[in-house]
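Copied from TrEMBL, the annotated features are:
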TRANSMEM  39-56  transmembrane segment
TRANSMEM  68-87  transmembrane segment
TRANSMEM  93-115  transmembrane segment
TRANSMEM  127-146  transmembrane segment
TRANSMEM  152-169  transmembrane segment
TRANSMEM  176-194  transmembrane segment
TRANSMEM  264-281  transmembrane segment
TRANSMEM  293-314  transmembrane segment
TRANSMEM  326-348  transmembrane segment
Amino acid sequence: MIRLRHIDWGMMGALAFLAAAGLVTLASVAEEFFPRQLGWYLGALAIILLAAQVDWKRLGSHWWFRYGFYGLSVLLLLISNLQSATIRGTKSWIVVGAFQFEPAELAKLALIIVLAHFFSRRHVEAWYGKNILVSFMLMAVPMALIMAHPDFGSAVMMVAIWIAFLLAGSVHTKRLIVGLIAAAVAMVLMWSFVMRPYQKDRVVSFLFPARDPLGASYNVIQSKVAIGSGGIFGKGFGGGTQARLHFLPAAQNDFLFAAFTEEWGVAGGAALLLTFALFLYRIGAVGLRARDNYAWLIAWGGGILFAVQSFINIGSNLGLLPVTGLTFPFFSYGGSSLLTSALLVGIIQHIKIESR
């Protein structure tokens, strides 16, 4: 049994602040979601503490665990594509009665576990053609199923995780250039043949927000109004008119950062971002002290997942990036993202404990 003093409490303290900020904002702008989110936070805490006691290195050394977990995530993605139920126009969720689960969140974690082990054995050869191809296929299978939902945001995260593992290896300039060109070509092909009209509208509205202020650009415009109206110190708890009067759609998840900043101002938003930076710093510190490549690559992949996802969420709230539907980890409303993120943090906590 692992003693609590071995836990990275700096990381846990940062998560506690993020959770408290999220709950306070929900209580103000969308109080009907508060009880369920509180329950998920308690479940997330239990998952972190339990997962920290599991020997993930030993489990990860077995191919049946790595690829069984990966295969389960792919199977769940396939099931979600085959079901008839849709939520907000996508098949991103498995719905069984009142239970809803987003398998793309599990797929991100499964990809990190598989790629971390794959590249831990081939660290100095990460950019060999064969390794690039095999790792790409491991990423492409779940990404294609996610795109079929369609869920462009989670698909982008799968690609980001894969690229992050490539960059963790020895980068050859020529191959990096080739990879960037290939990524550009892939984006053109996705725009032409894969992306749905509403997804294209989000990109166009991001580039030209004045083109459709009451349609595709409405959410981002209202988000920017909410952030701007908060000023330096905000309007205080319960004073966020944009969210409370429902001018700001999806305030509980996609735009919770905007709702928070309206009530607590730029100062509150900065405190939130600094706290999240502390969380990422603690993950980085754990990775640097890891005893082997597999452990540090898991920490690396987890840090990249949290950093990129939060960057995209905040960027879309500020109107700097298109809206993708990605949540702010440990802050936005949502059970699937929170619980799978908690499992990843529990694994990282075990790495810290093992390296003490």
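Note: Cβ is positioned from N, Cα and C throughout, glycine not excepted.
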Would you kindly list the residues that approach the transmembrane segment (326-348) from elsewhere in its chain, counting only those six or more residues past its ends and only Cβ-Cβ distances under 8 Å? 11, 15, 18-19, 21-22, 26, 30, 33, 36-37, 40-41, 43-45, 47-52, 54, 56, 100-102, 105-106, 108-109, 112, 153-154, 157, 252-254, 256-257, 260, 272, 276, 279, 283, 286, 298-299, 302, 305-306, 309-310, 312-314, 316
Note: vs the transmembrane segment (264-281), the recorded stretch with the largest number of Cβ pairs under 8 Å from 39-56, 152-169, 293-314 is 293-314
Would you confirm whether the transmembrane segment (68-87) and the transmembrane segment (127-146) meet the contact rule of 3 or more C-beta pairs below 8 angstroms, pairs 6 or more apart in sequence? yes
